[in-house]
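Participant: Before anything else, here's the structure in question.
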């Protein structure tokens with residue numbers, strides 16, 4: 001007679017996830033490693049996963065697959081997995097004891113293991129709750145230092161190209177203010193299509209590699225375009241020493257616009273590939289350390305941005321660019337420096353960056369699109385899209401045309417305006433450093449709201465005094481730019497740090513790229529609104545007392561709107577890393593909200609692209625819809 005089979009028993013512990021303290025690290029007991037849950041070490045409920053008799057079930061979302069299954073995802077997704085609470089006795093008692101006795105060994109519980117201290121740059125030590133195996137990446141090692149150098153070069157071009165817009169197009173070619181704004185929009189035209197390149201770098205590997213081939217293509221295109229700029233004949237400036245040299249300078253400037261638009265697409269290709277690597281590296285960090293890779297990346301990009309702005313501020317300040325220096329860098333010399341740096345991007349990618357090949361080539365296009373759509377359906381994804389769009393929109397709103405107003409009020413020239421922007425970029429570097437050192441695990445909602453409040457307290461008085469022309473010293477204004485950039489950068493960083501927590505393996509660049517594309521669309525959309533609500537340039541030049549009060553009222557209204565919107569959308573932002581993961585794992589996919597959001601994004605995308613295209617042609621660039629002052 002066989003032994004009677006014992007009944008199944010189990011222990012299930014539940015806890016309301018809203019009562020959990022997301023600012024404290026998860027502490028494990030015992031010797032056993034917690035079970036893996038959908039690629040993460042965190043399960044949605046708070047039972048002790050080390051208990052040998054735990055019974056639980058979970059539903060995998062249909063879009064998830066592990067990093068080792070990128071090329072052949074399982075066909076039984078959506079399955080329910082149960083861990084048995086007891087084992088049936090085998091006829092062979094010795095075999096049973098040999099196979100299962102380790103599950104029934106008595107356990108001795110120890111004190112909670114304290115998380116390791118925060119380590120220095122590039123050598124994080126904690127693997128607790130890492131999303132990927134392999135441990136933290138040393139970004140300063142030879143196989144990975146090329147990653148940081150790529151971001152340094154990205155930051156350089158992000159700073160240098162916009163900094164050259166006003167000296168080149170506003171002074172050298174004598175374009176009107178609204179035409180210069182249109183040029184700025186066109187230089188960033190490629191950002192509207194960022195999600196396409198993000199999708200390609202994830203879903204279309206080249207030679208079994210997803211990142212480095214696209215870095216080669218991007219840097220190669222940029223090098224060729226800059227080499228064309230360097231070798232082509234240099235156009236004469238509109239005016240030199242008060243004498244008009246080139247009356248057709250405005251039409252000549254259009255020869256520079258087309259290549260600059262193509263350059264924006266090349267830069268986006270490089271950026272999306274680097275963003276995919278950033279997500280991969282960040283997900284190898286433990287929970288308490290996660291965010292350091294992203295913070296170091298932001299610091300590196302900011303340093304490069306400062307370098308690019310400073311080069312233009314001092315190199316393009318001669319008489320041809322409206323400056324006071326006796327000489328300045330010729331356009332050819334500027335483009336030659338850029339050519340060398342873009343070619344350096346090819347070299348550092350080749351020799352100082354290592355990428356592991358994937359198991360196979362691209363997946364079917366329809367399958368990739370379906371998985372991306374399932375990611376968008378997740379509540380955490382579309383909530384952070386909405387949050388980032390409205391946050392970026394209200395922070396971009398302005399009450400005047402920036403450069404024209406500051407030139408009038410502060411007697412600012414191209415160099416002082418660029419140096420003011422360089423100080424703002426330096427403030428973002430310092431903000432990223434503070435985030436790594438002090439606030440890596442701080443509540444994101446509190447960090448965003450308190451940072452915005454501090455920035456508003458610093459900015460509103462200085463801006464108000466500037467409007468009424470009562471600023472005691474012009475030195476206060478660039479100092480304000482540096483100080484305000486620190487909290488405002490923290491406000492912007494919060495929306496990007498969430499993306500690391502909700503990205504699935506295999507879709508790193510696509511998820512990050514699609515969400516940040518929605519965030520970016522708010523910027524040109526808000527710029528279009530600025531042409532409606534901002535004070536006209538002619539009214540600024542009148543400078544009457546009534547006009548000053550009108551500008552001040554618009555200033556205060558913009559800040560009130562920022563307060564209202566940020567308070568309204570604060571709950572869309574998760575409190576911290578575990579809360580973001582909790583939302584992702586416990587929420588059901590939603591079809592209606594993502595569909596409505598997708599249609600709105602398409603409408604905004606079409607509007608922004610149409611306005612950018614109209615800004616290219618002289619006959620339509622004057623339209624307010626295209627960023628102009630209105631056609632007569």
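Any Cβ shown, glycine's included, is placed from N, Cα and C.
Quantities reported herein were computed from a predicted structural model and do not represent experimental measurements.
So TrEMBL lists the following for this protein:
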REGION    29-81  region 'Disordered'
TRANSMEM  148-169  transmembrane segment
TRANSMEM  181-201  transmembrane segment
TRANSMEM  213-233  transmembrane segment
TRANSMEM  253-274  transmembrane segment
TRANSMEM  295-315  transmembrane segment
TRANSMEM  335-353  transmembrane segment
TRANSMEM  380-399  transmembrane segment
TRANSMEM  419-436  transmembrane segment
TRANSMEM  448-468  transmembrane segment
TRANSMEM  555-574  transmembrane segment
TRANSMEM  595-617  transmembrane segment
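Situate these features within the shown structure.
Facilitator: Within the chain carrying the transmembrane segment (148-169), a Cβ under 8 angstroms from the stretch's Cβ atoms is held by residues 139-140, 175, 179-180, 183-184, 187, 215, 222, 253, 256, 260, 263, 267, 270-271, 274, 296-297, 300-309, 311-313, 316-317, 321-323, 331, 334, 338, 341-342, 344-345, 348-349, 352-353, 403, 414, 417-418, 421-422, 425, all 6 or more beyond its ends.
Residues 161-162, 165, 169, 175, 210-211, 214, 257, 260-261, 263-269, 271-273, 275-276, 368, 372, 401, 509-510, 512-514, 516-517, 520-521, 523-524, 527, 605, 608-609, 611-612, 615-616, 621, 626-628 of the same chain sit 6 or more residues outside the transmembrane segment (181-201) yet have a Cβ under 8 Å from a Cβ within it.
For the transmembrane segment (253-274), the list of distant contacts is 147, 150-151, 154, 157-158, 161, 168-169, 173, 175, 183, 186-191, 193-194, 197-198, 200-201, 210-212, 214-215, 217-219, 221-222, 225-226, 228-229, 235, 345, 509, 513, 616, 618: same-chain residues at least six beyond its ends, Cβ to Cβ under 8 Å.
Counting only same-chain residues 6+ beyond the ends of the transmembrane segment (335-353), those with a CB under 8 A from a CB of the stretch are 142-147, 149-150, 153, 156-157, 160, 212, 215-216, 218-220, 222-223, 226-227, 229-230, 270, 311, 329.
Long-range contacts of the transmembrane segment (380-399) within its own chain (CB-CB distance under 8 A, at least 6 residues past either end) are made by residues 488, 491-492, 495, 498-499, 502, 511, 515-516, 518-523, 525-527, 529-530, 533-535, 551, 554-555, 557-558, 561-562, 565-566, 568-569, 572-574, 580, 583-584, 587, 590, 593-594, 597, 601.
If you look at the transmembrane segment (419-436), the same-chain residues 6 or more away from its ends with a CB under 8 A from one of its CBs are 159, 163, 291-292, 295-296, 298-299, 302-303, 305-306, 309-310, 313, 406, 412, 477-479, 481-487, 489-490, 493.
Packing against the transmembrane segment (595-617) from elsewhere in the chain are residues 182-183, 185-186, 189, 192, 257, 376, 382, 385-386, 518, 521, 524-525, 528, 623, 625-628: each is 6 or more residues past its ends and has a CB under 8 Å from a CB in it.
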Participant: Please give the sequence-distant neighbours of the transmembrane segment (213-233): residues at least 6 beyond its ends with Cβ less than 8 Å from one of its Cβ atoms.
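Facilitator: Result: 150, 157, 197, 200-201, 205-207, 256, 259, 262-263, 265-270, 272-274, 331-332, 335-336, 338-339, 342-343, 345-346, 349-350, 353.
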Participant: Residues of the same chain, at least six outside the transmembrane segment (448-468), with any C-beta under 8 angstroms of its C-beta?
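Facilitator: Same-chain contacts beyond the ends: 406, 409-410, 476-477, 480, 483-484, 486-488, 490-491, 494, 548, 551-552, 555-556, 559, 562-563, 566-567, 570, 573.
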Participant: So if I exclude everything within five residues of the ends of the transmembrane segment (555-574), which remaining residues of that chain have a CB under 8 angstroms from its CBs? That is, six or more out.
Facilitator: 380, 383-384, 386-387, 390-391, 393-395, 397-399, 444-445, 448-449, 452, 456, 460, 463-464, 467, 494-495, 498, 501, 580, 583
